[in-house]
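A.B. asks: Dumping what Swiss-Prot says about this protein:
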- LYS67: N6-(pyridoxal phosphate)lysine (MOD_RES)
- SER198, GLY235, GLU272, PRO273, GLY274, ARG275, TYR387: pyridoxal 5'-phosphate binding site (BINDING)
- TYR329, ASP330, ASP359: substrate binding site (BINDING)
- CYS358: active site, proton donor (ACT_SITE)
Amino acid sequence: MDIVVNDDLSCRFLEGFNTRDALCKKISMNTCDEGDPFFVADLGDIVRKHETWKKCLPRVTPFYAVKCNDDWRVLGTLAALGTGFDCASNTEIQRVRGIGVPPEKIIYANPCKQISHIRYARDSGVDVMTFDCVDELEKVAKTHPKAKMVLRISTDDSLARCRLSVKFGAKVEDCRFILEQAKKLNIDVTGVSFHVGSGSTDASTFAQAISDSRFVFDMGTELGFNMHILDIGGGFPGTRDAPLKFEEIAGVINNALEKHFPPDLKLTIVAEPGRYYVASAFTLAVNVIAKKVTPGVQTDVGAHAESNAQSFMYYVNDGVYGSFNCILYDHAVVRPLPQREPIPNEKLYPSSVWGPTCDGLDQIVERYYLPEMQVGEWLLFEDMGAYTVVGTSSFNGFQSPTIYYVVSGLPDHVVRELKSQKS
């Protein structure tokens, strides 16, 4: 195993570390006064996810959703693996093109785009983009008339944790009119896309969306369009404790594709996985910078049923304005793990964990049983790769954590590609 540690804009490769070892090594290099928060990212985990994807969804080409985590090393790893990229803005297109990704491996998958961003996509050679209404077609007709448009349809995402169809997607009953207007505008519609939302607990939503896509596909073909792209969107789980497993979703998708889109050399099937690739690859380490004892409470929670003399409030140096913005915007539920080795029969106390800012909203964990922690000790949070680093701010002057990289089982060609990437 290797660990890659970024030092300003350079990287150095060390031998013999996994994620946990890297965390402990980095922490041992800090004193309590210097314990800034940091991530350890296992790029090898991303590679293993890719291998699982190819095994479970062999007909579907992944176009990684850049919005989920736009870290340079993540993008470089995925580019070396040959994935495509789902971009939502000119900046994301620029970022991906900047590491050498060709425009044909980019889909501009934002149904509602700023005109200047459409122009940037055109000038960058990015032709494939999504839309869901006639007004978007009119913008494209004026700005990028040679674009290859993919019609996004709405889905039943009522069981998803993060719902998207309330904002994006044309209703199936409206698609014929939209396609007819595209024909009048001489816009080339090449396929259909959808997104079932993130955190869904019902894999059958993919089956229904694929069935609806077939209906719209045939509608487009009837109107004279060369329909050859099916984009099944995102919503694939990436954490260890996901209630709906990726393999189960893949099985439903494969059955639906076999029924509605049997193998065809002219057909391209893509998806937009984000959290699937990166969620479990990142672990965040935060330092306990302050603590308070709170009045005792009577608890009755399974094995912890007892009258506790005290509970604790812990303050750490990252919060909801930083990496834990996922709690506010992605409905994440995080669990703190003490970095130190557990002590046998150590008493656990009801605890809350708070971020470092002056805002009372900055609470990371409302209630969790932990051993008593001391100022200067560390808490770890696993599965922190999705919608974390991309949403950080510098509110109150707190900066984003540094990312250190573990490389476990990475192929040589990926390592070479990473070394050639600029930070």
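Glycine residues also receive a Cβ, built from the backbone N, Cα and C atoms like all the rest.
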A.B. asks: Rounded to a whole angstrom, what is the C-alpha distance between CYS358 (active site, proton donor) and TYR329 (substrate binding site)?
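C.D. replies: Cα-Cα distance, CYS358 (active site, proton donor) to TYR329 (substrate binding site): 20 Å.
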A.B. asks: Helix, strand or coil for SER198 (pyridoxal 5'-phosphate binding site)? Use DSSP.
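C.D. replies: It is in a strand.
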A.B. asks: So which binding-site residues out of TYR329, ASP330, ASP359 end up within 10 angstroms of SER198 (pyridoxal 5'-phosphate binding site), measuring C-alpha to C-alpha?
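C.D. replies: Within 10 Å Cα-Cα: ASP330.
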A.B. asks: For the pyridoxal 5'-phosphate site (SER198, GLY235, GLU272, PRO273, GLY274, ARG275, TYR387), what does the 8 A shell look like? I mean other same-chain residues with CB within 8 A of the CB centroid.
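C.D. replies: So the extra residues in range turn out to be ALA65, CYS68, GLY234, PHE236, GLY238, TYR276, ALA386.
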A.B. asks: Give the number of CB atoms, excluding that of GLY274 (pyridoxal 5'-phosphate binding site) itself, located within 10 Å of its CB.
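C.D. replies: Its Cβ shell of radius 10 Å holds 25 other Cβ atoms.
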A.B. asks: Here the binding-site residues are GLU272, ASP330, ASP359; which one has the lowest number of other Cβ atoms no more than 10 Å from its Cβ?
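C.D. replies: Candidates: the binding-site residues GLU272, ASP330, ASP359. Fewest Cβ atoms within 10 Å: ASP359.
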A.B. asks: I need the CA-to-CA distance for ASP359 (substrate binding site) versus ARG275 (pyridoxal 5'-phosphate binding site), whole Å please.
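C.D. replies: If we compare the Cα positions of ASP359 (substrate binding site) and ARG275 (pyridoxal 5'-phosphate binding site), the gap is 28 Å.
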A.B. asks: Over all pairs within TYR329, ASP330, ASP359, the annotated substrate binders, what is the largest Cα to Cα distance, rounded to whole Å?
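C.D. replies: Between the outermost Cα atoms of TYR329, ASP330, ASP359, the distance is 19 Å.
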